[in-house]
Amino acid sequence: MESQQLSQHSHISHGSACASVTSKEVHTNQDPLDVSASKTEECEKASTKANSQQTTTPASSAVPENPHHASPQTAQSHSPQNGPYPQQCMMTQNQANPSGWSFYGHPSMIPYTPYQMSPMYFPPGPQSQFPQYPSSVGTPLSTPSPESGNTFTDSSSADSDMTSTKKYVRPPPMLTSPNDFPNWVKTYIKFLQNSNLGGIIPTVNGKPVRQITDDELTFLYNTFQIFAPSQFLPTWVKDILSVDYTDIMKILSKSIEKMQSDTQEANDIVTLANLQYNGSTPADAFETKVTNIIDRLNNNGIHINNKVACQLIMRGLSGEYKFLRYTRHRHLNMTVAELFLDIHAIYEEQQGSRNSKPNYRRNPSDEKNDSRSYTNTTKPKVIARNPQKTNNSKSKTARAHNVSTSNNSPSTDNDSISKSTTEPIQLNNKHDLHLGQKLTESTVNHTNHSDDELPGHLLLDSGASRTLIRSAHHIHSASSNPDINVVDAQKRNIPINAIGDLQFHFQDNTKTSIKVLHTPNIAYDLLSLNELAAVDITACFTKNVLERSDGTVLAPIVKYGDFYWVSKKYLLPSNISVPTINNVHTSESTRKYPYPFIHRMLAHANAQTIRYSLKNNTITYFNESDVDWSSAIDYQCPDCLIGKSTKHRHIKGSRLKYQNSYEPFQYLHTDIFGPVHNLPKSAPSYFISFTDETTKFRWVYPLHDRREDSILDVFTTILAFIKNQFQASVLVIQMDRGSEYTNRTLHKFLEKNGITPCYTTTADSRAHGVAERLNRTLLDDCRTQLQCSGLPNHLWFSAIEFSTIVRNSLASPKSKKSARQHAGLAGLDISTLLPFGQPVIVNDHNPNSKIHPRGIPGYALHPSRNSYGYIIYLPSLKKTVDTTNYVILQGKESRLDQFNYDALTFDEDLNRLTASYQSFIASNEIQQSDDLNIESDHDFQSDIELHPEQPRNVLSKAVSPTDSTPPSTHTEDSKRVSKTNIRAPREVDPNISESNILPSKKRSSTPQISNIESTGSGGMHKLNVPLLAPMSQSNTHESSHASKSKDFRHSDSYSENETNHTNVPISSTGGTNNKTVPQISDQETEKRIIHRSPSIDASPPENNSSHNIVPIKTPTTVSEQNTEESIIADLPLPDLPPESPTEFPDPFKELPPINSRQTNSSLGGIGDSNAYTTINSKKRSLEDNETEIKVSRDTWNTKNMRSLEPPRSKKRIHLIAAVKAVKSIKPIRTTLRYDEAITYNKDIKEKEKYIEAYHKEVNQLLKMKTWDTDEYYDRKEIDPKRVINSMFIFNKKRDGTHKARFVARGDIQHPDTYDSGMQSNTVHHYALMTSLSLALDNNYYITQLDISSAYLYADIKEELYIRPPPHLGMNDKLIRLKKSLYGLKQSGANWYETIKSYLIQQCGMEEVRGWSCVFKNSQVTICLFVDDMVLFSKNLNSNKRIIEKLKMQYDTKIINLGESDEEIQYDILGLEIKYQRGKYMKLGMENSLTEKIPKLNVPLNPKGRKLSAPGQPGLYIDQQELELEEDDYKMKVHEMQKLIGLASYVGYKFRFDLLYYINTLAQHILFPSKQVLDMTYELIQFIWNTRDKQLIWHKSKPVKPTNKLVVISDASYGNQPYYKSQIGNIYLLNGKVIGGKSTKASLTCTSTTEAEIHAISESVPLLNNLSYLIQELDKKPITKGLLTDSKSTISIIISNNEEKFRNRFFGTKAMRLRDEVSGNHLHVCYIETKKNIADVMTKPLPIKTFKLLTNKWIH
């Protein structure tokens, strides 16, 4: 019938029914679906643009690609449609032809089915008021916009209006599915509005604006039946039509009511998902709001259970309410009412109104009577999510009900109004719920596992062989199947909870199902295309649809990110609950070995390898079923996390394929590891490993060195072993090109035995992957075993040996066999194996007497190679033994005290495991001979020499049961604690890191959270977990709430003992030692400053500028804001990249802290703030607590101690006493005595030069009339006190000249021979740096002078005598001094007064008050350092005039006039300066360091790896008492004095970034332990590696002619011994660093704020003095700034409140600081911690941070 109608009217152009019609929609105030006209116009424009890109074809030529666009010439064409929803906009005239729409208005052209025929129906005629369609496509139509009102006056007026102007509108699309009915109703209502029928549409209250006429009712009925076929109507619509088939108005009214209801539901869901509460509003109001939402959703059929509601509420809690999030683990069945009780309690406590307000808490009986229910009893409503977003929505209602622009797939709920056409509601973060997700427990637990996941969709995976889903709500017929093994792309096991069916209901009303696996341990829900293909469903990515083989489209595919997704709305939900799924395969594990015990027993191998080994019987005695694997899924071994931590996975498959063709033991891989430093001489420093290519069997051999003969012995041993044991001959050995393998000796040996050496390419470690990976694996195991057992590091090779034995017995997942099985050996009997470090008692077969103990405490290492015994370490004898006479010590976990292992008791498991072996031993033990306690023949560990160090005792912490421990566990724990506790001795020789230095550790600290990648944690999956250090050293039974409330901070250590050989004209407020203050971690400091008010002031400033630096005006500051901002304008602060805040999901916050340990070595401060993990020592001592077994000294006689060296006289040095005794740093002696330079000098040429210098000096002394040559005095006649010893010293200068100097021994001069009040002044280094900086900024000329024999120009007042020079040969005579000889106490002061008088009186200079040796006049500035002068002037002639006057009195030499405009090089007071006027200045010491450092006899490594920083955080100087021989001690102290003396000289000259490390080591000069010496060597090595670094200055270009002096201050709280704080200050002049200080605070500070105040108060005096100096030298105005990262300190400075000062010291410091800031017009500014370059002065920093803070001024 339809085809006939089309053929009858073939002369009519079959264009769009709305062709070239432009109409504005009529807005009705009562319209609940108000869509703006702009959207309609945009839709029309978008459609026009899209269709204009299509090729226009004649009606008879082609068939459109869209199956819905049937050609009008085709007899089988369906009801005309204008394509899918996105193209249902109005079309132009040229685009009408290919479309299938027939025009509306002709009765025969209306396609309808017979059921639509009704007696009421009649076709609209030409006079009808309804819109007509054009009779000719070529006639352009223009319809004026109707008026805004929709009310018709009467039918006649309507007729006249429609007659005068014909209106053509776009018809609605055809309804094609019941699920699309809600969307279709919206377009149908829009169609009625455009047809001037908006007034008949029911409003919100269900009533239309006006009455409907009969014609309108007929039009409504017919159009509804035409475009809404009955087979596609929802059930509820059919029910209405079955009663009255003309009641279209009721259908519209009910549809609008559903739309309004769904809008409120969507808003409630969004509000519930975005709850936020921090206590700013009353708790009552918050509870009322939440309960109203939940009740409203429950009434609408969307039921929210208690658990989901509690999770949503707790997720929005912040501030002090945030800790309630953790209650979900303590109370699994918490209700909303209970949660609000806790919220009310915190709110009342916060408001302090518990006594004034009635208690809100309800009785339990009230809770039982609560009528509200939050259980989920019905299926949750599905709310689809539309990924397309409309940008011009104007209201929330409009967004929720916007007309769709896409054809969405069907929903599973036919009775609900789908929101697939709505714009997605944007929530606050990725954890919030979105429209389209089910508000269920599964949604809350699995929302957004990945950032690129499309919520509510399945990921189509072509590589997955199985379908996996996280939610159990879609699994039908679920059943347990624990035998299924599923691995991911990285071959890691994925635990499976259950298997079931996944049922689909596609849009063609077909149903199908596939198998699905349930697991919560995946990032996406995966839909396998392979399983879909098995049910005849394929994915077409060109059309982006799922379809059958016959082309039937089932569902659309969405491309989101890099993946393709299909909506979950096609899944049929099941009625199975999550707990059912999660518990379906819970198995009985009674009497099974716990997995952590087996994991530790088998050398911390991973679970997969252990299961393979048990399945293939490579581990005997028990089966796989004897192990409880339930904990293996989520088990995280802390020791594995630390011991096996790695950066990335090794690249596999790097070996050549031909290697697989070799027979067993014909192709070996070998490699050498080492050296391991800081071990006793008897312990090996290297090991060499061998791996067979075919069987993967491994051997390891210890080495003490890498000499040729040592390597040859090992090769001879391994070849003989393989030949005799396996009857095989080695053909090829693959090795790297190390010298130990390429030497001629080994090459001849291999050639003699017919073995081909296969060398890898140089620096190609991947080609040597087998050996390299084995070494890495063994080292991981070694670190883990030592970490777990707590044994000292010198037993490292025993851990390697133990790991090798175990790994040879573990099956390979690839070959399914172990190396022993491949080699034809029996499996390892685990009953003969003990955990590494297992405490045992060894029988003493030869005690000293019959009453002495017969048992010796020891620790099991590994099975013996040479007997049936076990290698056991005996700490009391400091050796290892090979014996079978041992008993396992019960109740002793070898190394579990800090990782919560104490809750695991393996005694019973160990007894069961070793029962058969022990019975075998017992049955065969008839009589034990005296030599049964056989000493091990392993020469590498038989006798451990530990004489320089002694084992340390560390107090063990008793682990008390926590709140979550069951009562039974409490009892067991208490019993276990009461037993004796054997602990391994603490490490004697701690490892020294290459890049860490710092003082002894006093306390633990709060670390920063970081992501740790578990690469071998013993579990079966990878998890990012934060490692948290212990909050304190107290027992672990402290309450969790108390631990949260405490504010534990990072502290960072530095110390300084500053040596200043010049007078410092600055009065220090903190005593003689300048100290520095503690520092909180960078992130914690920012949080506390920004989000909390300081304890001193209730309202600190909180505003930050765009540069993260906040200038804060003091009360007396009157400068403008731009002046304050200019303070930080040109400072050399680091450029920080923008960082987005890292947010950790709740599961990370809920993990219990894993306490880690601190390795005792290198400088790292006491709790560094930048250390990601602060680790506490886990080394144990046999004398840890009172209950442990004690071994008295008289128990062992000399026979037992024969392996130890005889006692020697030693000096015992205590760390604190040594640090407190340090007074000064002894400078390096770079000169030679007379006998060294001349008498015994074997270098003839050098000797002649020194003789020449000697005579030159003598002549100069005679010329200057240094002594009275007229009379010689007899020694007996002169008072010995007035006789000064003298000597000649010789030196070779850097320019190559040889110089001699006759000096007096002022160090032994009697006090009566000089005036102690006289001062020998020289220019202060800050004055020199200030003058140089001003010279650069003002284009000054710099002239350097030298006055020869300067001291000899000064007369001496006292009566002093010296011995004549040696060449005169008058040893018994004395001569009287007339001039100030070099070396006399008063010589410097005499010369200073002489030159000062001459400069003032003869040269017209004046000395700057407070700055000795700085002279100036209106044109010239002079800096005087003994006999060196540096002149600065704008005009070079001014310098020349001064030089001429100086030459008139003194022998003046011009070193550098400085007249060139090019770069000029100076050597001023040891500084090598490169200066180009008006451009830059560079200060360094490269040449000096290149000459001096090699003379220190420090082991330098010029070709090795360069250190990137002078020290690293996290490692500490050991406080153990030091025992050294007297001579050895003096020698090491002298060496430390030389090294620290040089480092101090460099640091205070220009390397201010090293001051913290220098000062810390300077405190340990009298404590020269091996660790301290190694740290000092590291510092010298770093100085050597960076000797070319320079302090860079550039000429400043200020906007105003002013000088800017800034000090940047920082402090580290309580990080020094005796809880002193470290303070640091850096001074900058016009953006150039001119000085720095890093010192220890003189007084103990009690808070971080107090430490910061102390640091600032220490900096202000010098700041003021420098300010005065600058104003004297340069008359420009000066701006003074003070920068700190402590907002609390700033608030104290600007506050007028004195009530909160906690004590007198703090108050006086703060008040003085206020006075200094206000009185000196200081601009106090806030600087972000990450940009605070003074951080390097107070703590050790990570490499990246250290470089970031220093690379702008030191490079």
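The backbone N, Cα and C atoms fix where each Cβ goes, and this holds for glycine too.
Note that this is a predicted model, so its numbers are computed, not measured.
Residues annotated as region 'Disordered' in Swiss-Prot: 1-93 (among others).
According to Swiss-Prot, the feature compositional bias 'Low complexity' maps to 1-16 (among others).
If you look up Swiss-Prot, you'll see 48-60 (among others) marked as compositional bias 'Polar residues'.
Per Swiss-Prot, compositional bias 'Polar residues' is recorded for 71-93 (among others).
Feature annotation from Swiss-Prot assigns region 'Disordered' to 126-173 (among others).
The compositional bias 'Polar residues' annotation in Swiss-Prot covers 127-152 (among others).
Annotated compositional bias 'Low complexity' per Swiss-Prot: 153-165 (among others), in sequence order.
Positions annotated as region 'RNA-binding' by Swiss-Prot: 299-401.
Residues or ranges marked as region 'Disordered' in Swiss-Prot: 352-421 (among others).
Annotation comment: Swiss-Prot describes 402-418 (among others) as compositional bias 'Low complexity'.
Annotation source Swiss-Prot lists phosphoserine at Ser416.
Among the features that Swiss-Prot reports, region 'Integrase-type zinc finger-like' is placed at 583-640.
As annotated by Swiss-Prot, domain 'Integrase catalytic' applies to 660-835, with the evidence given as sequence analysis.
As annotated by Swiss-Prot, Mg(2+) 1 binding site applies to Asp671, Asp736. Annotation for Asp671 (Mg(2+) 1 binding site): same-chain Cβ neighbours under 8 Å, separated by at least 6 residues, are Ile688, Ser689, Met735, Asp736, His768, Ala771, Glu772, Leu774, Asn775.
Annotation source Swiss-Prot lists region 'Disordered' at 956-1087 (among others).
Annotated compositional bias 'Low complexity' per Swiss-Prot: 960-969 (among others), in sequence order.
Shown are the binding-site residues Asp736, Asp1685; of these, the residue with the fewest other Cβ atoms within 10 Å is Asp736. Residues of the region 'Integrase-type zinc finger-like' (583-640) grouped by DSSP class, helix first, strand second and coil last, total 25 helix, 6 strand, 27 coil. For Glu1652 (Mg(2+) 3 binding site), other Cβ atoms within 10 Å of its Cβ number 30.
Under the DSSP three-state reduction, Glu1652 (Mg(2+) 3 binding site) is assigned to helix. Across the region 'Integrase-type zinc finger-like' (583-640), mean pLDDT in this model comes to 79.
Cβ neighbours within 10 Å of Asp1610 (Mg(2+) 3 binding site), excluding its own Cβ and spanning all shown chains: 33.
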